[in-house]
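What follows is one structure encoded as structure tokens, with my remarks underneath.
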Amino acid sequence: MIELVDVPESLGSSSEVSEKAKEVAYEDSFPDGGRGWLVVLGCFIYSASTVGWGCVAPVWGVTEEFFKEHMFPHTSDSVLTTLGSMSCLFMTLGGIVAGKLADRYGYKPFLAAGAIVWVASMLAAAFCTEVWQFFLTMGLMQGISDALVFPLIVSLPSQWFLRWRAFATGIVVAGSSIGGAISSLVYRELLSTIGLRKSLAIFTAVDAVAFACGYAMMQERRPSEKRPQIVWFDRAFFGDPVFWSLAMCFFFTVFGYLGPVFLLPTFTAEKAPGMSSIMLALPLTVLNLSAAAGRILIGFAADKLGPVNALLVAIALSGLTQLVVWTFVTTYAGIIVFSVLYGFFCGCFLSLVSAVAAKIYGADRLAGLSGLLLLFNAPGTSALAAPRHVRVYTPFPPPHHAHIHAPFLLVVPRRSKRKLRLISSTTGYAAGAPIGGAILGATGNNWQVVAGYSGAVQVLGALCLLYARFRRQPRLLAAY
């Protein structure tokens, strides 16, 4: 809805009047619905197709199993796990560049470029036969595509929503969880029946259609003349203690984020021996579905209570769930309860990043700022390679004696199959996963220590955010 504006006579020509009305309409009114929900759907489709495939562990886990069993049985596990982490690494490193360029020149050209690069990468990967070729296609090309897409799709809803900004962004980020869950199931079946080349060809065609539909749905509201100039080193951010409070919050939070996700299948197998492979995989599935629900519902709450408040509470509860619940879980039912609780809160810091940034600094340079904050996840973007003293047990598809059917790599000591030590997964924003695995091995499977580390580091992230919260809004009960 465009508001009527009283325009002084000194403005002169009708074109100047039109530009002034457009400027006021953009800055002072947000549709908070209507065409904006179509934009959110388009961003959701992009999120499910790109980040949901390249940066969600289950999908790459399926690929790595296939590589290990059928294509590269003699390739070291560290090489394959490094391959799996490459797209996330390039996304975190390149997101700031893509975001700043998009803020200046518009989002849609970069969204189109990201879609084209992604489709090209999938098609090229279908014809790859060597490991280094997959590094170029699934690593470099898909990482570039993710960098072009992710900072933009989490920022674009902020141009259309004010009242429901966090809710809309939560729906977009939830697309990565939902897309990854669906893709991993379908992908596994396709690989088992028709092989890698035809499977990737099918996904290439599906992605191309999805991108075309999503691109048609997305639209910017910001007038071109309101796009800011590019400032590569922005002292307004780096000289502001509030920014560093926010940055350190994301830096520490991400270290405790994916440790439970990567280690949960191993934990389940140890605490509930004798379970079927489907029952062993169920807690991780429940966690992923709960994460999608949490990103949406906590986004809805953030629009009522304030995004900074919601982020603070979500991170604190995510850490406390590990400290208070995971530490004392000993049964399968307890594992399911933990999966629901932790999944609901754990991923919200990703879905709230743009809403928090817009609340503190405004939406004018939001894509660049989102990419900059994403950069603070880079230290945690690492793969967990299997140590030399363990061997990887990765049947594809798993035989009847497989320890786990989830798309992760189960690692057991060479001398004994009885005691599970750690799980080697592939991608993620958190170095907390390899650190957690190292702690697990060093302490002789002491899960309380692992939960204590992972939960404490997330609580530390929440504490870092307190400065930004009370510096910007000193009132304790204010919605901010």
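Placement of Cβ uses the backbone N, Cα and C atoms for every residue, glycine included.
According to TrEMBL, the feature domain 'Major facilitator superfamily (MFS) profile' maps to 35-473. Predicted-model confidence for the domain 'Major facilitator superfamily (MFS) profile' (35-473) is 79, expressed as mean pLDDT.
Positions annotated as transmembrane segment by TrEMBL: 37-60 (among others).
Residues or ranges marked as transmembrane segment in TrEMBL: 80-98 (among others).
Annotated transmembrane segment per TrEMBL: 110-127 (among others), in sequence order. Panel annotation: around the transmembrane segment (110-127), residues 46, 49-50, 98, 101-102, 133-134, 136-138, 141-142, 144-149, 152-153, 196-198, 200-201, 203-204, 207-208, 211, 214-215, 218 of the same chain, lying at least six beyond its termini, place a Cβ under 8 Å from a Cβ of the stretch.
Annotation comment: TrEMBL describes 166-187 (among others) as transmembrane segment.
The transmembrane segment annotation in TrEMBL covers 199-217 (among others).
If you look up TrEMBL, you'll see 237-258 (among others) marked as transmembrane segment.
Under the heading transmembrane segment, TrEMBL lists 278-298 (among others). Residues 58, 166-167, 170-171, 173-174, 177-178, 180-181, 260-261, 264-265, 268-269, 272, 310, 314, 332, 335-336, 338-348, 350-352, 403-406, 408 of the same chain, all 6+ positions outside the transmembrane segment (278-298), place their C-beta atoms under 8 angstroms from a C-beta of that stretch.
Look at TrEMBL and you will find 310-329 (among others) tagged as transmembrane segment. For the transmembrane segment (310-329), the list of distant contacts is 166, 249, 253, 256-257, 260, 271, 294, 298-299, 301-302, 335, 337-338, 341-342, 345-346, 348-349, 352, 356, 447-448, 451-452, 454-462, 465-466, 469: same-chain residues at least six beyond its ends, Cβ to Cβ under 8 Å.
Summarising the annotation, TrEMBL assigns transmembrane segment to 335-358 (among others).
Sequence annotations record features per position, and here TrEMBL assigns transmembrane segment to 422-444 (among others).
What TrEMBL lists as transmembrane segment is 450-468 (among others).
Remark: the transmembrane segment (166-187) makes no contact with the transmembrane segment (450-468), by the rule of 3 or more CB pairs under 8 A. Against the transmembrane segment (237-258), the recorded stretches 80-98, 199-217, 335-358, 450-468 differ in Cβ pairs under 8 Å, and the greatest number is found for 450-468.
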